[in-house]
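As written in TrEMBL, here are the features:
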BINDING   Asp27, Ser28, Tyr59, Gly60, Asn91, Thr92, Thr201, His202  substrate binding site
ACT_SITE  Cys90  active site, proton donor/acceptor
ACT_SITE  Cys200  active site, proton donor/acceptor
Amino acid sequence: MDTTKTAAEICTAGETRSNDAPLGVFDSGVGGVSVLKWIRQLLPQEDLIYVADKGYAPYGNKSSDYVRDRAAHITRFLLEKRVKAVVVACNTATVTAITTLRSMFKVPFIGIEPGVRPALNATRSGVIGVLATTETLRSTSFNALIQRFCKDIRVEVQECPGLMEQVESMAFTTPETRKLLERYLVPLLEKGADTIVLGCTHYPFLVPLVREMAGQEIRIIETGEAVSRQVMRILTTMDLLTTRTEPGSTSFWTSGDCCIETVISQLWGQAVTVAPLPDRTSV
């Protein structure tokens with residue numbers, strides 16, 4: 001992958017952003033809506049732009065170069081929309097691409113990491129279970145996170161092929177979803193995990209099913225709330241919080257079929273319109 005910065009990228013990335021500029025958020029599909037909802041709750045006046053890269057999903061079984069190329073393309077699109085910061089609301093894209101993005105574009109990036117650190121304070125058994133994609137669990141950053149913070153805690157990890165696709169299809173409680181989740185969750189519980197980390201932004205939509213299978217006492221850690229607070233901290237520190245007092249707007253874009261708006265509308269909690277993501281950008 002050629003990560004050389006072009007003159008256009010340097011110029012566009014270096015321009016001053018307005019406080020009232022929008023905030024960009026992207027994921028490989030609809031999972032990042034779980035993060036978007038937390039951001040909207042905490043920052044109701046901010047304008048938000050969400051990109052679901054559905055036409056190129058899933059990221060979890062793609063090469064690193066592939067994911068970095070898609071992340072850079074989406075970032076260029078968001079820069080055209082004059083965003084003041086970008087939230088990479090995808091665990092796989094964060095571990096694979098965020099370092100490259102930060103070197104290419106001079107705009108703040110906020111990434112996602114599995115909520116291992118908050119899980120340390122939640123567990124009583126001393127055993128944490130992590131459900132995530134293959135790419136996330138095999139990443140250098142995730143393993144460094146475990147080595148740094150989990151010296152006295154046992155961390156059991158479980159790759160979850162197929163689970164993200166079930167969420168994309170809105171198949172939250174179908175027999176196939178139940179079968180997959182049981183296959184992935186039960187071994188963690190049998191190993192003593194009393195705290196389950198949802199290491200993919202799609203998985204929070206399966207929380208009711210997780211609780212049904214694991215019991216109401218299970219501690220479930222998702223990262224959307226922590227990410228939204230990090231967004232607020234960064235915008236505050238950089239003096240980029242909007243000055244408006246009226247509710248912010250939210251727009252949705254996708255590289256896939258725009259019929260995805262039915263799915264996003266249900267996850268978002270109200271009807272939305274989804275626009276097609278351009279194949280090329282001017283940046």
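Note that Cβ sites are derived from N, Cα and C of the backbone, with glycine treated the same way.
All features noted in TrEMBL, drawn onto the structure.
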residue : record                             : CB count, 10 Å
Asp27   : substrate binding site             : 30
Ser28   : substrate binding site             : 33
Tyr59   : substrate binding site             : 26
Gly60   : substrate binding site             : 25
Cys90   : active site, proton donor/acceptor : 34
Asn91   : substrate binding site             : 32
Thr92   : substrate binding site             : 30
Cys200  : active site, proton donor/acceptor : 29
Thr201  : substrate binding site             : 31
His202  : substrate binding site             : 27
Site extent for substrate, whole Å (max Cα pair distance, Asp27, Ser28, Tyr59, Gly60, Asn91, Thr92, Thr201, His202): 12
Additional residues surrounding substrate, by Cβ distance to the Asp27, Ser28, Tyr59, Gly60, Asn91, Thr92, Thr201, His202 centre under 8 Å: Gly29, Gly31, Gly32, Ala57, Pro58, Cys90, Ala93, Thr133, Met164, Cys200
Integer Å distance between the CA atoms belonging to Cys200 (active site, proton donor/acceptor) and Asn91 (substrate binding site): 6
Top Cα neighbour of Cys200 (active site, proton donor/acceptor) in the set of binding-site residues Asp27, Tyr59, Thr92: Thr92
Secondary structure at Asn91 (substrate binding site), reduced by DSSP to three states: helix
Between Asp27 (substrate binding site) and Cys90 (active site, proton donor/acceptor), the C-alpha gap once rounded to whole angstrom: 5
Structural state of Asp27 (substrate binding site), classified by DSSP into three states: strand
Nearest-integer angstrom distance between the alpha carbons (Cα) of Gly60 (substrate binding site) and Cys90 (active site, proton donor/acceptor): 10
